[in-house]
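The transmembrane segment annotation in TrEMBL covers B:6-24, B:54-73, B:80-103, B:109-129, B:150-172, B:203-223, B:235-265, B:277-300.
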Amino acid sequence: MAEPLLSLSGVTSGYGQIQVLWGMDLAVNAGEVVALVGSNGAGKSTLLRTISGQLAPSAGSIRFDGTEIGGSRPDIILKAGIAHVPEGRRLFRGLTVRDNLLLGAYLRTDKQAIADDLEWVFELFPILRERQRQDATTLSGGEQQMCAVGRGIMSRPRLLMIDELSLGLSPRMVEHLGNALVALNKAGQTILLVEQDVMTAFELSNRAYIVENGRVARTGASAELARDPTVSDAYLSI
Amino acid sequence: MKPLPLYASLVVGLAILAAAPLYGDNYVVRTAAIVAMYGALATSWNFIGGFTGYPSFSTAAFFGLGAYVGALCQRSGVPMVVAWAIASVAVAAFAALLGGILLRLRGHYFAIGSIAVVELCRLIVSSWSSLTGGGDGLNLPLVQGTPEDLMRFFLMVMLVILAASLLVTILVDRSRLGFGLRCIHQNEDAAAMVGVNTTAYKVAAYTLSAVFCAAAGATYASWTGYIDPTDSFQIVLTVKVVVMALLGGAGTILGPAIGAAAFVLLEEVFWANFIDWNRAILGLVIVVLIFFLPGGLLSLRRRLMPGGAA
């Protein structure tokens, strides 16, 4: 099989003296949806921040499309094709929904394609079209999440990483966003998803990694993990 | 502000200052030169403090270093205008290097770090007596001419520096750089995520905030003919400049310069009569500003004229 789109081996990272990741191995193939699940503090968000260049790995290698990207600047990594939709959404206050979305295309110069992609985001999330002139931070939580995901799409990434898709959202909104992700993936988008809600994560993804204490504890096809009693005991407490 | 009214008010403002010798005595011309100088300093601060939202207190360091580099050049025989140019370039390079280190800090930590820069510069300059003359200060070659001619000349120089800083502000405001800086102001993490090279942009803003301060400092040194460490590296100067920018409207194009004019005029006609209370009044102005006029004087226009151009 060809080299995965993204592959991590032995990646360690953290904040100053505090090490969070203790040798992560992970691979994402083109066209897949891969989920990262695990409890609070397991290192899921730290992993995404390390991949997107906000944190530099202290050891190990991060390869994307055949090139080593570990420790590069965030703008270089974005240019290489990895977009990060951060936890807590981080929209720009004072800017309209439309401007926030267009900011996702900050590094691009292909005007016509940007307009097409904006149209595509509006198709995925029709509510954003209605609210495009509104200050982005006046949207509801779910709509803000849509805007954040849309901003990620606007850089036309080859890998879209989403941190905590469902955090703080109503079940209906989660379903709506989930459907959008499925549609995105059908259109060929590779996605790496961090999700606390294990069931949602397994439902949306092809494969999943269970992260514990900065290492991969289990990995496998999502459908199988969902059926595995040891997994449900540990993570679903039912 | 729409481009036309913006340019119009800019030209009118500069013209009023430039015409000072026509309608006023030497005191008025001097005040106009001071307004222009502080306008340039506040406009410079706006790059890092207004656009980028990094509360820098390094203004006095750049001003003082500019004064010293200019003075040392002139004393070793470099023509005055060339000395000013050398001072600007040297201090800009210093700011770029320093920015790479200092801008890793954010918020209060950055503010404290930037104050430390002023103090460190002052200490180094006053200790390095063999080069800087230490606490005795430095004398500069006097410029020949009548007091009136000199005053007019330095008014024009300060106006050129102010105009240049405003011009660069307009250019930055319209560029990707300005847009990126505003993104950093709003949310630095998100800015990094949409692909703004935050480190390079912040260093660029910090360097821009230094270059015109250095030019003004070097000019000021030639103007007064004598500089010393305490006068050149004043924390109060740094604070005043920030207050001026906030008074006018931080992050706007003309706000900081307007704030500088308002502040200097208030100081001249009003506080000069309350010497003992000068600093206390400055403190009061800061408090009143933060509570009642967080958007600065320019935001009054929007409040008083609903529907007026933002």
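Each Cβ is built from the backbone N, Cα and C atoms, and glycine gets one as well.
All TrEMBL annotations are machine predictions without curation.
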Using Cβ atoms and a strict cutoff of less than 8 Å, what residues sit near the transmembrane segment (B:54-73) while being 6 or more residues removed from its termini?
41, 44-45, 48, 82-84, 86-88, 90-91, 94-95, 103, 106-108, 110-111, 114-115, 117-118, 120-122, 125, 131-132, 138, 140, 202, 205-206, 209-210, 213-222, 227, 229, 232-235, 237-239, 241-242
For the transmembrane segment (B:6-24) and the transmembrane segment (B:277-300), check the count of CB pairs under 8 Å (sequence separation 6 or more) and say whether it reaches 3 or more.
no
Which stretch, B:80-103, B:109-129, B:150-172, B:235-265, tops the Cβ pairs under 8 Å count with the transmembrane segment (B:203-223)?
B:80-103
Decide whether the stretches the transmembrane segment (B:109-129) and the transmembrane segment (B:277-300) have at least 3 CB pairs under 8 angstroms, with pairs required to be 6 or more apart in sequence.
no
Quick one: do the transmembrane segment (B:150-172) and the transmembrane segment (B:80-103) have at least 3 Cβ pairs under 8 Å, skipping pairs fewer than 6 apart in sequence?
no
Do any residues, 6 or more residues outside the transmembrane segment (B:277-300), come within under 8 Å Cβ-to-Cβ of it, and if so which ones?
236, 239-240, 243, 245-250, 252, 254-255, 258-259, 262, 271
